[in-house]
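Each remark here refers to the structure printed beneath this line.
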Amino acid sequence: MNLLDGKKCADSLIAGIAKQVARHVDFGLRKPHMTVVLVGNHAPSESYVKSKVTTCTLSGFESNLIRLPETVTEKELLWLIQQINADASTDGVIVQLPLPKQINAQRVINAIAPEKDIDGFHPTNFGRMALGQKAFRPATAYGICKLLQFYQVPVAGKHCVVIGRSNIVGKPISIMLSNDFDIGNATVTLTHIETPRELLLDETRRADIVIVAVGIPGFVTPDMVKDGVTLIDVGINRLENGKLVGDVDFAAVAPKCEWITPVPGGVGRMTVAALMINTLMAYQNNFELA
Ligand code: GUN
């Protein structure tokens with residue numbers, strides 16, 4: 001069993017980004033700038049946002065966090081996004097999800113200028129990504145690709161099973177790994193909550209790579225995978241005792257794995273690192289450096 005160490009990979013990527021930023025700044029340009037919008041005080045979102053802001057500093061970026069009350073209206077949030085879109089000093093913006101019930105998240109995402117959409121959630125970026133064109137790629141999916149690349153895990157020609165069809169993770173990673181990208185050319189099966197249990201097991205038991213993003217602690221058990229599998233655990237679940245665990249029963253499944261991501265210190269770290277790559281790209285696009 002080998003660990004896919006997200007912290008090690010992310011640290012290496014961030015050091016590379018910081019070097020590029022230092023070169024741009026030495027040349028007389030301003031730093032890249034990320035704006036983060038956080039609505040309410042959902043505990044996991046607070047923690048993700050904190051990590052994004054801290055990593056901006058480590059990358060040599062400026063950042064600002066705009067906090068809005070849980071009761072904000074969709075109209076007010078859309079107005080704020082228009083201001084950020086028009087602000088030339090911001091290269092990229094993220095609106096942390098989930099949003100409160102009174103707000104239609106897709107309408108908010110659609111309002112973000114595609115050239116500032118570093119989450120890669122806008123239909124323009126998602127569509128361009130799906131077509132294999134240059135785009136901001138959704139950060140978690142992109143981070144998983146970067147992690148597989150860093151550890152030189154073979155992907156092309158492999159059978160990959162994705163569990164969970166969210167717009168944020170399952171859908172984009174299934175497209176990216178099946179596309180003719182540098183990390184791609186896999187044969188991908190996308191399974192989800194409506195997949196019958198027997199069919200799910202048929203698929204996962206013969207998969208070379210399993211990616212799970214369902215938000216259920218211990219969902220993947222040893223009987224579901226074959227020996228030598230590569231297991232990517234996207235889950236970040238807080239147990240009642242305060243412990244952070246993924247969607248995989250790590251202690252039981254790890255001995256069967258060739259490669260496995262830990263939680264914490266796996267995909268979560270890579271999501272933030274990929275967001276930094278996207279922000280640097282937005283900045284370089286602005287200054288026509290790319
Ligand atoms: N909530 C959970 N994951 C994400 C993410 O990647 N981006 C944003 N904006 N919100 C999230």
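Every residue, even glycine, has its Cβ placed from backbone N, Cα and C.
TrEMBL does not curate its annotations; it predicts them automatically.
What TrEMBL says about this protein:
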DOMAIN    4-119  domain 'Tetrahydrofolate dehydrogenase/cyclohydrolase catalytic'
DOMAIN    138-285  domain 'Tetrahydrofolate dehydrogenase/cyclohydrolase NAD(P)-binding'
BINDING   GLY164, ARG165, SER166, ILE193, ILE236  NADP(+) binding site
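Features per TrEMBL, on structure.
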residue : record               : contacts (Cβ under 8 Å, 6+ apart)
GLY164  : NADP(+) binding site : GLY170, THR191, HIS192, VAL212, ALA213, VAL214, GLY215, VAL234
ARG165  : NADP(+) binding site : LYS171, SER174, LEU190, THR191, HIS192, ILE193
SER166  : NADP(+) binding site : ALA213
ILE236  : NADP(+) binding site : PRO44, LEU244, GLY246, VAL263, PRO264, GLY268
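Cβ neighbours within 10 Å of ILE193 (NADP(+) binding site), excluding its own Cβ and spanning all shown chains: 9. Across the domain 'Tetrahydrofolate dehydrogenase/cyclohydrolase NAD(P)-binding' (138-285), the model assigns an average pLDDT of 97.
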